[in-house]
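Step one of this worksheet: look at the structure below.
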C-alpha cells in the first residue's frame, strides 16, 4: 500500500511539472499556510477557495484539486483546504529547522494553477528515547573522585525548543551527572564519580538515567545504568628518599615551592596512579600545601622563626588500591626581622555609662614585639577622633581613658583603632580595633510627634473602633525608651471618661468605647501622657481634641401644629373673606442635627383643594393663594412634609385641618362631626373608671337593699312619710308624682382654638338665681335614690328609672386634660374639688356629657332662663374654676338615674349619649 502511494506521488510529481510547462501562463501567486503537525483528519488548514478568489458555487465546475492528496484535499462544499492524512513533521522533514509542504492547486474551466505552501510547525510529540535498553560500566574501586564517564545519548525527533535539553540521574552519594554538548549541537550525559568506591562494601550500583526535552509540558525517557566495581592492585608505592631536608627563609610568600617528594608503583593503569597527602599533621596542613598528584610542597601560611624554627612533615603516598608508603620532610626556617608589635588587652570594660566622668579608665593595654633592639621598641596611639585617649603607665603598658563627654543618643558605639608601631627599618606596625558600647541612662523624656492632635469622628461610630493614634518617641534605650500611653485628664466627667474612650498603653491608639452622639457631645478634649519605664520615669503630655461630626440621624420634629393621638394636626379657622396672602398658620419644626442636616424645607404632599393655599419653602408659613370660591369646601386638609438637608434626607409630616368660617358657631358643627382619634391610654382609663363605677354601684345597691330590709321590719315608721332627707318609700300602688319642676339657670361660653379638636369645659359656675325645689317624692317600687345637699336638690323622673341613658363618649379624658389640683385654680373658688380619683372622674363624666349636649344644640340644659348653663373651652389644658361640691347631686354612671330636666323629658328629647348621633345646629341645617 505504501509503495502504491509513493508511486502515485511520483506520477504526480512527473505530471504536474508537465502541466506547469503547458499552463505556465496561468500560474498565480503563492498561497502560504501554517499549521501544527499531527492535525486530525478533516481539520481545516485554510479557506483555499476564498484565498484563490473562487466562489463556493463554482467549485464543482472548476474541479478544484491539489497535488498533495496524501496530506490534503479540498472540500467542494466549503472550499476549505482540509487535512487528509497524518502530517508527521519528523517523518516529512526530519530534523530540519524549517519544514514546509509545497504543492500545486489546479482549477479547470478555465485552467489555473496555484502554488500552495503549508508550513508545518513542530509540536512536542516525541519523547527522548535511548537506543539501548541499558548501559553497562565497570569502575575500579580505586578510582578517584572526579573521574568522568561519557554515556550514550538519547534521541529526540523534535527540534528546537522541543528537542533534548538535559539528563538527570536518581540521587546517590557516589555519582553525579552533567550534560555536555557536542560540536554538532547534540547533548550527551557525563557521569562523574563524587566519592571513592568500596567494592568490599558495595560491588555494584544501579542508576536510572533520565533524558528530558524542553517542551511544555516536557517529555522524558529513561534507561538503566549498571555499574560493576572491580578490584586489582598488588604493588605498594616506594619513595625515592626516606628523609627529605630543606632550608627556607621565614616570611616567604604564600605558594613558595619548598620541594617535591616522589614515589613510584610498578603496577599499571589505575593501580599505578599515586596520590600524596600529609599524615596526621595539623600544623603541616595549616602552613604547607601538598599537591596530591605531583607531590609538590608549597607554603600555605606565614613562617615565623620566633615561633617555630624547624618543621617536620610526614608524607604518605597511596596507589589506586590500598597500598601506601611514608617519608619525612625536615624544613629549617632561617630567621629575619619580621615581627610586628602585638597589642593585648589586660582588662576591658565593654559597656560604658553615658554619664561617666572624664578620666575614667576604660581598658588596660599591653604591647609586645618579639624582635629585639630598636625593632622591639613600640609606641601606641589611636587613629580616629574619638572621646578617648591612650596614656602610658609603664614600659609596654597603656591605659585607655575617657577624654570627652559621652551621649548615647548621638553616638551609641565607638570603634577605637589602636595602632602599635616599632622603630625598625622599615617600621612594622599592627592595628587593633575595639568596639565600645555606650550604655543608656534615662536622661530623655518622651517627645510627641505633634504638639497637639485634632481628630474628626463621625457620630454613631461603632464601639471599639479606633479614632486616633498618638505617637511619642524616646531616644533612650530599653526600658528607658519604652513608652506607655495613658489618659491623664479630660474635660469629660471622670465617671463618664472610661465609658467614652480608652487608649492602648502600647500603641497609643485611642478607641471609642461607645457610639458618639453629635447632639449630646460635639467635642471633647483629652490630655494624654507618654511615660517611659526608666527609674525615675520621665513623661510628656499632649492634648487630643476629638470633634464629633454630625450625621443626619435625626428626623425633623414638628412642634406646631401639635399632633393628636392619631398623628394628625388640629383645626385652624380661616375667615371666609381672607384675601390671597392671608397668613393662616405656620408649621414650626426643629431638627436636632446641625448644619445642612438641620436645614429644613416645607413641602405640600397632599391638599384637598390644590392651589388654594401656599406654603413657604423655608418659613413653613401657610397662606391663602387665592380667595375662597363658592365651590370650595369649607373644610380643607393639607398634608405637609418637613425635610432636612441631609443625605439621605429625613422627613416628618404634619396634617393641617383648616375650616373657613366667619364665626365660632359655624365651626362647632364641623368639630362635632369630626371623629375623635382612639387613644389607647384613654381607653384604658375609661375601662378602669367603668370598672370602679360598677363596683361602687353594686356596693351602693347592697347598702340600699340592706337599709330597705331594715325599714320593712320596722313597724314604727309611717308608710307615707319620708324617713330621710333624700330617700322615700311607698308601699301602696303607684301614684303620679306630685312634685315641682324647675330649671337651674346657667350660662355657657364656647371658645375654639386652632390646635384643639375637643370641646373642653373651662368652668362650671352656679348662678345665684337657682330656685330650690319645692318637694320631692320617691316611688317605692323603683327604689329611686334621691341625692341632695343642704341647699339644692335635683329632681329625677321616676318613669325613666328603668331606661338608663348611656354616657357621652366625650366623658373620658386624656392624661394632658386631667383636671388639675387646687394649685392650678384661683384661690377664691367657692367650690371644693372632689378629694378622690373616683369622684373626680365621675364629675368629669357629668361635665363632658353636658358639654356635648350644649355643643350640638340638643341639650336639655339650655342656656335660657331657669336652665343650667356650662362654659366650655377648646384648648390643650383643661381647668375647672368655681366648681361647688356637686358630689351629692351628680348622676353616677351605672345607676338607674339620668341627669336631665323636666322640660327635656316632656319634649321627648333623649339626652346626648355616647353613640355620637348628634343633631346639627340650626345654621348647619340651613346650609
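Backbone N, Cα and C define each Cβ position, glycine as well.
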Annotation match for N-linked glycosylation site in Swiss-Prot, from 41, 765: 41
Candidate set 300, 738, residue annotated N-linked glycosylation site in Swiss-Prot: 300
Cβ-Cβ neighbours of residue 541 (N-linked glycosylation site) (radius 10 Å): 14
Residue 300 (N-linked glycosylation site), number of other Cβ atoms within 10 Å: 15
Residue 415 (N-linked glycosylation site) and residue 541 (N-linked glycosylation site), Cα-Cα, nearest whole angstrom: 38
CB contacts for residue 415 (N-linked glycosylation site) [other CB atoms within 10 A, all chains]: 11
Spatially closest candidate among 41, 73, 415, the listed glycosylation sites, to residue 300 (N-linked glycosylation site) (Cα to Cα): 415
Three-state secondary structure, which DSSP defines for residue 41 (N-linked glycosylation site): coil
Close in space, distant in sequence - residue 73 (N-linked glycosylation site), Cβ under 8 Å, 6 or more apart: 65, 66, 81, 82, 84
Cβ neighbours within the same chain of residue 41 (N-linked glycosylation site) - under 8 Å, at least six residues apart: 82, 83, 84, 85, 86
Residue 415 (N-linked glycosylation site) in three-state DSSP notation: strand
Helix, strand and coil residues within the domain 'Cadherin 2' (131-239) as assigned by DSSP: 3 helix, 55 strand, 51 coil
